Structure formats: C-alpha cells, structure tokens
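Trainee: Can you read through this structure? Questions will come right after.
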C-alpha cells in the first residue's frame with residue numbers, strides 16, 4: 001500500500017517508527033515528563049533553546065526557498081498530483097514531514113522548563129495533527145494541493161521562531177505582548193487560507209486531485225480555526241483592562 005516513491009526514503013518503509021515517535025510524544029508530555037519533573041527544578045537549557053529556535057528559522061526559510069522555486073508550477077484552483085518518478089514534490093514533502101517531527105521538541109522543552117500551562121489541548125492537537133497529516137499524505141499521495149498547507153506554514157513558523165529566538169536570547173522581548181497577539185492573528189489567517197485552499201479544488205469539478213483527501217482535511221481545519229480563535233478571544237479580547245499590550 002501507499003506510494004512506492006515514499007518508501008524509498010529513510011524510516012518510511014514501515015509505519016512503526018513514526019507511530020513510536022507519536023506515542024512517545026503523547027505519553028512523555030502528558031505522563032512521564034511531568035512525573036519526572038515534579039520534584040525537580042526546571043532545567044537551565046537557554047543555549048539549547050536558542051539553538052533549537054535558530055534551527056527552526058533556518059529550516060523554515062529553507063522550506064520557503066523550496067516553495068518559491070515550485071510556486072510557478074502550482075495553482076490554488078487545482079494542483080494535481082505529480083506522479084513522475086523524479087517529482088520534486090516528493091522530496092519537499094518528506095523534508096516537511098521531518099520538520100513537523102522536529103516541531104515536537106517544542107513540547108519537550110515546555111516539560112523540561114516546567115511550563116506546564118503552555119501544554120494545552122490546542123498545542124498538542126496542533127502538533128499531532130500536523131505530524132500525522134504530513135506522514136499519512138506523504139505515504140499515500142505526496143505533493144499536489146498540499147503545497148498550500150506547507151508553504152504558508154513555513155512562512156508563519158519563520159516569523160514565529162524569530163520571536164521565540166528573541167525572547168530566548170533576551171527576556172525583555174517577552175514583555176512586548178503585541179508580538180504574541182499578532183502572531184496569533186497570523187496563525188488564524190494561515191489556517192483560514194489553508195482551509196480555503198482545500199475548498200476551492202473540492203468545488204472545482206475539473207480538478208483531479210483526490211477530493212476525498214480534501215474533504216477529510218476540512219473538519220480538522222475547522223476545529224483548528226475554532227481553537228485558535230477561541231484562544232485569541234480568551235487571551236487578548238477578554239483580558240483584564242489593566243493589562244497593557
């Protein structure tokens with residue numbers, strides 16, 4: 001089963017390695033990690049966090065460069081699957097999957113720093129959905145319309161990790177709450193765009209991209225938008241008037 005081109009890449013011949021990563025991620029961040037840290041002081045890992053954020057910036061900018069090179073070959077109206085053996089979309093999709101697995105370190109850092117309040121349902125759901133969705137589509141239908149998920153996601157993550165790098169370098173930037181507010185707005189815009197990019201080819205009768213895949217993504221997209229909007233309203237709209245941005 002699956003696309004034969006996908007199985008040529010490391011760790012993609014079997015679902016077991018990926019499933020082990022996801023299971024470990026959930027169990028560690030909900031059970032093992034908090035229990036391990038319950039009687040410990042938060043780890044002092046400033047340099048590690050700065051390095052992680054810097055790598056995220058580099059990797060996501062690399063994703064943007066790949067996206068720009070492929071942009072002339074895609075269309076928001078419909079980007080069908082490229083079934084050629086040397087399709088560049090397969091490699092780019094694989095690299096994007098690796099990036100989504102690298103993202104999982106976010107939560108591990110929260111656990112080691114004892115930032116348990118940041119390990120929310122939205123946070124876990126977002127990371128797991130992006131990783132599982134990227135893996136499943138890479139195994140069966142790499143590339144195609146999913147370009148419009150990965151490309152804007154790399155742009156948003158570049159901006160996001162620049163902010164994270166700055167606050168890991170100098171905590172004074174953490175006081176600039178307006179950064180976080182606009183980052184959340186940017187994430188909402190991103191998910192609305194991704195949702196739209198799946199709706200358009202779904203309604204396009206001439207589009208050959210598998211419509212079942214697009215339809216399966218829509219409920220998750222709606223929930224993602226709802227969760228981000230709910231977080232935005234709770235954090236920035238209903239906040240205490242005494243707090244300044």
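Glycine is treated like the rest: Cβ placed from N, Cα and C.
Automated prediction, rather than curation, is the source of TrEMBL annotations.
Pasting the feature list from TrEMBL:
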- 12-30: transmembrane segment (TRANSMEM)
- 51-71: transmembrane segment (TRANSMEM)
- 91-112: transmembrane segment (TRANSMEM)
- 124-141: transmembrane segment (TRANSMEM)
- 147-167: transmembrane segment (TRANSMEM)
- 212-233: transmembrane segment (TRANSMEM)
Trainee: In terms of Cβ proximity under 8 Å, which residues at least six beyond the ends of the transmembrane segment (12-30) contact it?
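Mentor: Residues 6, 94, 101, 104, 107-108, 110-111, 119, 124, 127-128, 131-132, 135, 138-139 contact the transmembrane segment (12-30) from elsewhere in the chain.
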Trainee: Can we call the transmembrane segment (91-112) and the transmembrane segment (212-233) in contact, meaning three or more C-beta pairs below 8 angstroms at a sequence separation of 6+?
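Mentor: Since fewer than 3 Cβ pairs under 8 Å link them, the transmembrane segment (91-112) and the transmembrane segment (212-233) do not come into contact.
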Trainee: Let me spell it out: take the transmembrane segment (212-233), skip the flanking residues so only those 6+ beyond its ends count, and list any with a Cβ under 8 Å from a Cβ in it.
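Mentor: Sequence-distant neighbours of the transmembrane segment (212-233): 120-122, 125-126, 129, 133, 137, 141, 145, 181, 184-185, 187-188, 191-192, 194-195, 198-199, 201-202.
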Trainee: Using a Cβ-Cβ cut-off of under 8 Å, list the residues of the same chain that are 6+ residues beyond the ends of the transmembrane segment (51-71) and lie near it.
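Mentor: Long-range Cβ neighbours of the transmembrane segment (51-71): 88-89, 92, 95-96, 99, 102-103, 105, 109, 147, 150-151, 154-155, 157-158, 161-162, 164-165, 168.
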Trainee: Can you tell me which parts of the same chain pack against the transmembrane segment (147-167), counting only residues 6+ beyond its ends and a CB-CB cutoff under 8 A?
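Mentor: Distal contacts: 50, 53-54, 56-57, 60-61, 63-64, 67, 70-71, 74, 76, 79, 89, 92-93, 96, 99, 103, 130, 134, 173-174, 179-180, 183, 186-187, 190, 193-194, 197-198.
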